[in-house]
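Trainee: Please find one structure pasted underneath; my questions will follow.
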Amino acid sequence: MSKKLYHGAAYYPELWNEEAIEEDIKYMIEAGINVVRMGEFAWSIIEKEEGKIDVTFFVDMIKKLSEHSIETVMCTPTPTPPIWLTHNHPERMYVNEDGKTMIHGSRQHICTNNHYFREKAAIITKEIAKAVGDHPSVIGWQLDNEFKCHVSECMCETCKTLWHEWLENRYESIDRLNEAWGTHIWSQYYHSFDQIPQPISTPFLHNSSLKTMYQLFSYEKIAEFADEQAEIIRKYSTAPITHNSTTFFHVDNERLYKNLDFASFDTYAEQSNFAAYLFNCDLWRNFKKNRDFWIMETSPSYSASLESHAAPHPNGYLKAEAVAAYALGGEAFCYWLWRQQRTGCEQPHGSVISAWGKPTVGFENVKEVEAARKEIESIILSSKPLQAEVAITYSDVAKAFMKTEPHRNLDYRSLVVEFYEKIVKAGYHRDLLPEGADLQGYKLLFTPFIHNVTQDYRNRAEDFVKGGGIWIVGPITGGRTEHHTIHTDAALGELDQLASVETLFTYPMDGTESTGEFMGKAAPLSLWSAIFEPKEAKAVGMISEGISKGKAFMTEHSVGKGKVVMLGSLPTEESGEQLLINCLNHYAEEANVVVKTNVTEGTIVVPRQGSNEVVWVIVNMDGNGGSVTIPHDAVNGITGEFIPKGKYEINSYEHKVVSFQKN
Amino acid sequence: MSKKLYHGAAYYPELWNEEAIEEDIKYMIEAGINVVRMGEFAWSIIEKEEGKIDVTFFVDMIKKLSEHSIETVMCTPTPTPPIWLTHNHPERMYVNEDGKTMIHGSRQHICTNNHYFREKAAIITKEIAKAVGDHPSVIGWQLDNEFKCHVSECMCETCKTLWHEWLENRYESIDRLNEAWGTHIWSQYYHSFDQIPQPISTPFLHNSSLKTMYQLFSYEKIAEFADEQAEIIRKYSTAPITHNSTTFFHVDNERLYKNLDFASFDTYAEQSNFAAYLFNCDLWRNFKKNRDFWIMETSPSYSASLESHAAPHPNGYLKAEAVAAYALGGEAFCYWLWRQQRTGCEQPHGSVISAWGKPTVGFENVKEVEAARKEIESIILSSKPLQAEVAITYSDVAKAFMKTEPHRNLDYRSLVVEFYEKIVKAGYHRDLLPEGADLQGYKLLFTPFIHNVTQDYRNRAEDFVKGGGIWIVGPITGGRTEHHTIHTDAALGELDQLASVETLFTYPMDGTESTGEFMGKAAPLSLWSAIFEPKEAKAVGMISEGISKGKAFMTEHSVGKGKVVMLGSLPTEESGEQLLINCLNHYAEEANVVVKTNVTEGTIVVPRQGSNEVVWVIVNMDGNGGSVTIPHDAVNGITGEFIPKGKYEINSYEHKVVSFQKN
Amino acid sequence: MSKKLYHGAAYYPELWNEEAIEEDIKYMIEAGINVVRMGEFAWSIIEKEEGKIDVTFFVDMIKKLSEHSIETVMCTPTPTPPIWLTHNHPERMYVNEDGKTMIHGSRQHICTNNHYFREKAAIITKEIAKAVGDHPSVIGWQLDNEFKCHVSECMCETCKTLWHEWLENRYESIDRLNEAWGTHIWSQYYHSFDQIPQPISTPFLHNSSLKTMYQLFSYEKIAEFADEQAEIIRKYSTAPITHNSTTFFHVDNERLYKNLDFASFDTYAEQSNFAAYLFNCDLWRNFKKNRDFWIMETSPSYSASLESHAAPHPNGYLKAEAVAAYALGGEAFCYWLWRQQRTGCEQPHGSVISAWGKPTVGFENVKEVEAARKEIESIILSSKPLQAEVAITYSDVAKAFMKTEPHRNLDYRSLVVEFYEKIVKAGYHRDLLPEGADLQGYKLLFTPFIHNVTQDYRNRAEDFVKGGGIWIVGPITGGRTEHHTIHTDAALGELDQLASVETLFTYPMDGTESTGEFMGKAAPLSLWSAIFEPKEAKAVGMISEGISKGKAFMTEHSVGKGKVVMLGSLPTEESGEQLLINCLNHYAEEANVVVKTNVTEGTIVVPRQGSNEVVWVIVNMDGNGGSVTIPHDAVNGITGEFIPKGKYEINSYEHKVVSFQKN
């Protein structure tokens, strides 16, 4: 458990003079900032000329800040290599999928697999770690910044060689690769690994296996870079290490965090998209099971660059975000950025202090956050998020599969967020779990939109079911092998057997005017769908209109103490949402899910377990206010006032803490 | 006349094991498949290593299939050159119009004009032809696959040299080219053929002549490749040769089929776009006058790739398609593909059998096709399509002109299909004719959207008119010379004289709020239009609103026994469609067109001539059912039942055969 | 003052034979054409082979035309270098922002900074000037044609070197550049000028300073090319020199015209966009203060290329355009083009005579222009446009800033035209002023959408205010330094002090549902906005809804005899337009603006000062007719008829001349 809740900001003192820095510290104190993140773009400051490394500025800065009780998360500055590393070295640069070689002037322009870059990155990381690693005020490390946010898979010659090695490592012999990828299709057949192209410039699409494997290769390589950096730091520092990521970037977050110490994310969702904000909290909480997550970057009001901007937050929303984050397992709530950039392409971006040294439109919101933080800190520190009973699996590998095979522009992230949103709306506390997460303690598991279900995942899900869980599989899930090919034994491979169905057909429902029914509710069906003939399973969702009229799109089958429920298609439109919520409620009840609240849409309830109480943190996220049914008499966790059971009102963006004492 | 109606599928046994092949043959028998197409992507199987060619697999396969009375269309495997031909040879690859060089991994990635490719293609074609050319079960050949479906005009260095040769051949001297193209415009002037660029990378548009000629050059070169391949095969096989094309690809189909033996096409139109399906049948029937066409590829339910999919067919539609095809002159109705691809980028594509060896959602539809095929086979084999009296000229050269000069994103194919649709709706039997087709026997000829009317075409049309035909010319037709320049004698060149009009102006009607009237019907006018001052002609369509109010947009002029009707503009919206149908009916009546039926929209009537009867094949294509007026008492061609004259009902996707005995 | 009003056309006799030329001259006489522009694309005619220059054709042509009293504007042919200059010389060609090198075949394909090109351009310019420079019929010169219309900033190696020189010249030391651009952001820091990239190929955006400076560099270089050409011509000719530009092209028109003799523009606005047409006239009149402008190109009916076309003009509109142009300070109204191109990519473009030598649909309109020209010529020649009292600053430098920083796809040109339109609608006579223009004589000055207010401009505006003017500043104006960075002293730099406000915040209003009120009128606010705390200023526009409710978006502050009015946000929608017009009327009244008319929307009144009278030229531009209130009894300037004061009707596209005699 944390010793404090952090309230922080990204800080670039290296770009400002002393006077500005003094001003900054004064305002930080006023705003209650107790941690800053520094250094991630400062390579040219620390190593202005190749080989001449000087970390003094940051050593001094950390000290100065610590004198005001402001702690530091220190970064490695590798996202922005200096000009001496990039100029006249096209072979070191990132090459995009159009074959275009990047140049100096922005960020992520270098290939992170380039050997010379790696050497230089290792040296500067070591020097920084040596210089500040044992400072007590350095409470954590961030590696680089937002890996793969502007770029995806590099197509440079270095990567080509590594790709061939990676493939050889994975497939051992070219014949196994040829067989796995079925390369005699279109005469793609390779005689040796070094003939295998990177996925660029073809008249039509590449082989799905090649496309997906190249993404997984890229996932692995960036994670290896993180591993390498972390190892260097650990030689000089015991402070925990993280990386600030999102679900938008081209990384496998589960793999990335495997060897790091804590998880953190950046989010710039507008208020209207608060579901995406909650999604991040519910997911990041689960990347490192016993460590609270950090929100490493969020805007005090709006994000922007020269070419775009978000809508500023309504007054009150920032505080709602912060309370929700702390309640959902966040240890820190940090802004990007403290002081508005004077120059560069992000000068319009929202900040806490303006470039001319004055509070911005977001400053009052930041002060509200600080007041709320103080108010709830002791409650949060003395409790922890209840594990949910309902879980949804999130997989960046599935994201890669869907990037290769998007059917009609499907986007994995959007699909999962929309699916998740229904569970929030229905009032369930929930966890978003990485593929490899332990399923112990859950009662209802959703596995939607995952083209390939691995052997390992299937085994663990089967155990979960045998132990009494209900596993709801689909839509889309299971139709591809690990090589991104079609199964040849059954449509969904071994899932068919486990669910005791024969998957008769898989085809796209869109455009077929098909309707599905579940427990009396009918809705249009959509997406690439699986149509089932139950064997020992029971058909529970039937197709009532369409070319497979009379067949099942949902089945359930008891396995051990639990059930496997196949959801072959996505009910859509308003009626589809209702059908899915009915399905959720039905199986939640059957699975005896109890961590659920009766709350109006737009307001959330976060249950936390204290030593002697259960605490509900209630937050209105949509600005419309709402109400929650309090099931037993309780007390207000902040004021101590009595709260009778029954309807409890919440105002616009308001938060409440309700404490249920153990009897 | 055919000895049978074919029902076939594209088959890739080289990608499957023996067990799967046995399964396939069992299902083929069940589904009534009597022909397969094989080998078009199998280069790496046949010539795994350069120079080591082994056709045994296909020799054996042809034999095995023949034992089950399944005949074979054998292909040359040139669309997918193997890695030994492409790896590390960028100079052999296709270069797109952005100057990007293609790599291995998909198809059509090589330049088909590359000399080394041509050499290797000739060798493998010869070896395949030698190996299977005299097998009695090999009933036909398909060259390559879908020429220019993913690519258009190649910009490689080989092509540049050939382009210069082609130009020299066409224009003889650089001065004639300079004069024809008017190259002193913008100081383009060339001193020698080798200075003439390919149409890439300019700040603004290239010269129209250069753009169009480069397309015609590319048309010619791909046809020459086909000619070369066909010649090789003919040394070893008497089986007829085709190529599977469409109107979407960057080929001149008329030229392409000139030296081939029969015509075939691929179609993946959704049911909602059935007019495009009929369009293909009405056009392909006329590429090789005395040979039935083949539908070489169509989906049993839906087409798809990793990145897109069509809507699956409604139940019943596939059979309607097949009956329509056989009735309209199709000898074969073949699926792409038999067994779902296990790997590669087309794994989601609809098939007859799934990758896991089971019938797909389309299988029942395929069996319906087979039942219908058997039902109608003897009727179809004992009759042939009546030549229509109404013809529309289709020209891939016109398509090239419009690609160069699309005004506001006009697309030749869409324009012609929409024009054609009106003739179908009005119940006329019709032929779509290649530019060079014989006009003998027609009564009403439409020539819309053809920027350049060649001397040859004009002469034949004039003869047609003199012999009593009515020729309806336009919209857009005639305004450009063969070099894609403007006429300097008259707006529409010699057409003005033939039609006895002065074309006063040509200008874009869109945005002018112009209205045209023909026989009391008014409609908005659209597209680049010609405004006429009749000389000896009669104004029959007047502009009643707009900047040329009071002038004619339609004229008619008697020439010999017939008439030239100028249609200077495209009436649009619902009223425009009615105006055009009125125009069609008016001139059809005047031309004494009788091959026409009174049929509800969405249902078609295909008249065929038997030895002793006229047969109508009636098919409902839109799924709504409909009715046809039977003009005389008749009998049902299948059941022999009496059909009294009068209204005859057709159910959803139903087909009927009505036989009118000669008295 | 002019000796005549010109009525002209672009003419390409070099592309036609003698017969066509004779025909042309006959029609020119009929149409009243008294000037042609020739030669701008004729390099390959004049210098067919390198070094062999022969201007005879044009010498003869000028003479022949002069015999029919048709004068000539002669051009330099540099936009279309011939093949001998470009073939096999990629290093001479324009490189676009994707790094793609242009080839021969269109225009502007060469880099105008290439040394060899410059050498050859100088030679041919000199030879042409020598050959025709002293011909009395050559009344003017046009340099090149539409600089930077198809291209923007070139990325070639020559430009890279010049860029480094330009930067060194501007910043003197690399440290000053690093400081000004704040290059330690993202470790961009440069050790020497030669390391600074051109703004191509980065994963995310370049530094704003680099992007904007590269545009200013490009602006300067093309202007230097113009200067160089002009100097050559002046050695051989006293005829005045111009260039035909627009606000669309990537040039700084103010800088471009600095060393030229008169200003001219090309316009192809459709009738529906007549505000843009007037905008050009009101702006071009002010590029060269004591010289009338020319409309060098406009279509007699419609513009077009192979790939697009405008809607043809309604009958009557062309004459309205011409009268408006002459009245607003135009000396010439010239068509592009006289005779339709026979070949090339502009063959569909509207012209006066068709390629087949006949009058086009526009010909009658052209004759109407000539009739009107004759009718008003003496009135126009004996008067000159009144200087307006209301001015709006137009800046191509501001356009560059907004291209770098468009927020949400903002386009400077569109924003300014829409702002301008409100002033037209409200009936004010107005001037659009280049940034450097003298402010003497104006009463009300608008400075919207100018990110950087230069020291010089601010000083002159302050003087204007002190002298009694009212300066309305914003929206967007002032938030950036000359280096395209954020101010560090105050949000709007020194403007804050001048306006006696503290600009509290700047943020994007879009998405915040903010409302502003001014004098009782409420409207939604939009765009990146400034929120003010008045110091000595008075808040006159308040935010009544939104996250800054209760703060000011408009303030006014008296300085000397005048006022500075800050307009921090853009009121939008219909109510916003009304709010802005209220604001305009309010301050116009306060500033004692009197040159204003009571005229219905769609009709304009152009006041001109004669020696003894004020003349109003009234033109209906929208085709709906309208009316004007005549304040005093007057006479019709053409017919001499008496016009009583009161409402005066104008028919569709009609023009009237009203003369107010001095008492």
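Keep in mind that glycine also has a Cβ here, set from the backbone N, Cα and C atoms.
The domain 'Glycoside hydrolase family 42 N-terminal' feature in TrEMBL is assigned to B:11-375. According to TrEMBL, the substrate binding site annotation covers B:ARG107, B:ASN145. Summarising the annotation, TrEMBL assigns active site, proton donor to B:GLU146. The annotation active site, nucleophile is assigned in TrEMBL to B:GLU297. Marked as domain 'Beta-galactosidase trimerisation' by TrEMBL: B:388-592.
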Trainee: In whole Å, how far is B:GLU146 (active site, proton donor) from B:GLU297 (active site, nucleophile) when you measure between their Cα atoms?
Mentor: 10
Trainee: With an 8 Å cut-off on Cβ-Cβ distance and a minimum sequence separation of at least 6, pull the same-chain contacts of B:ARG107 (substrate binding site), or say none.
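Mentor: Counting only residues 6 or more apart in sequence, the Cβ neighbours of B:ARG107 (substrate binding site) under 8 Å are B:PHE41, B:PRO79, B:THR80, B:ASN145, B:HIS150.
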Trainee: Over the span of the domain 'Beta-galactosidase trimerisation' (B:388-592), how high is the average pLDDT in this prediction?
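Mentor: Averaged over the domain 'Beta-galactosidase trimerisation' (B:388-592), the predicted model reaches a pLDDT of 98.
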Trainee: Sub-8 Å Cβ contact with chain A: please pick out which of the recorded positions B:ARG107, B:GLU146, B:GLU297 have it.
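Mentor: Going by the Cβ criterion (under 8 Å to chain A), the qualifying recorded positions are B:ARG107.
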Trainee: Restricting to the chain of the residue listed as 'active site, proton donor' and a gap of 6 or more, list residues whose Cβ falls under 8 Å of its Cβ, or answer none.
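Mentor: Non-local contacts for the residue listed as 'active site, proton donor': B:PRO79, B:ASN244, B:SER245, B:THR246, B:PHE249, B:ASP266.
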Trainee: Other than its own, how many Cβ atoms are within 10 Å of the Cβ belonging to B:ASN145 (substrate binding site)?
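Mentor: Step by step: centre on the Cβ of B:ASN145 (substrate binding site), count other Cβ atoms within 10 Å, giving 25.
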Trainee: What is the number of other Cβ atoms found within 10 Å of the Cβ of B:GLU297 (active site, nucleophile)?
Mentor: 23
